[in-house]
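Participant: Sharing a structure here in structure tokens format.
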Amino acid sequence: MVVEAGAFDELQGLIERDNSGIDLVLLDLTMPGARGFSGLMYLRGQYPSIPVVVVSANEDASVIRRCIEFGASGFIPKTLAVEDMRTAIRTVLAGGTWIPPDVDLAAGTDPDTSDLVARLSSLTPQQMRVLMMLSEGLLNKQIAHELSVSEATVKAHVSAILQKLGVESRTQAVIAASKIELVNLAGQSAPG
């Protein structure tokens, strides 16, 4: 069975309704409702048993490296030949990881960015959702309504996010999260 979602919220709904029937998620980094790697991080945290393969027009090695660091089981460039795409998907479905053969994951790692990646990866799925909503400019009250939790719960999540990211304000948390997106998705010439 193949299902398609045009936005991240729609994807979440599909997975929540029947995550036992999902063998694989093909995720576009520029999918509406998910900024950069936040959607990938959320899916990996919330549904660790479902492999996620990023499909993107951006073939920058640092983007591919970040995808794998954030838990993607593979990365398929949109320019890849159809038969190679089949091979990549079969590899992931068999439990492996697939990246383009010409990509060196060890080359060009930046210690500051790697540290930020590690801190962002320490967020729980709910904290990642709250951070995504903070990035959209939502207030605690709006986030509480969207997540069907109390404002006190949202405040607790925000406090945990600030502590894990080593920042002092919501604005700094959003800036830290956007650094990953800007550093790694900059130079993307086509939607992703």
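Don't overthink the numbers, they just go from 1 along the chain as shown.
From the backbone N, Cα and C atoms, a Cβ is placed for every residue, glycine too.
Dumping what TrEMBL says about this protein:
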- 1-93: domain 'Response regulatory' (DOMAIN)
- 116-181: domain 'HTH luxR-type' (DOMAIN)
- Asp28: 4-aspartylphosphate (MOD_RES)
Participant: Run through the domain 'HTH luxR-type' (116-181) and tell me, per DSSP, how many residues are helix, strand and coil.
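Facilitator: For that range the per-state counts are 52 helix, 0 strand, 14 coil.
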Participant: From the DSSP assignment alone, can you count helix, strand and coil residues within the domain 'Response regulatory' (1-93)?
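Facilitator: Residue counts in helix, strand and coil order: 43 helix, 12 strand, 38 coil.
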Participant: Averaged across the domain 'HTH luxR-type' (116-181), what pLDDT does the model get? Just tell me the whole number, please.
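Facilitator: Its mean pLDDT is 89.
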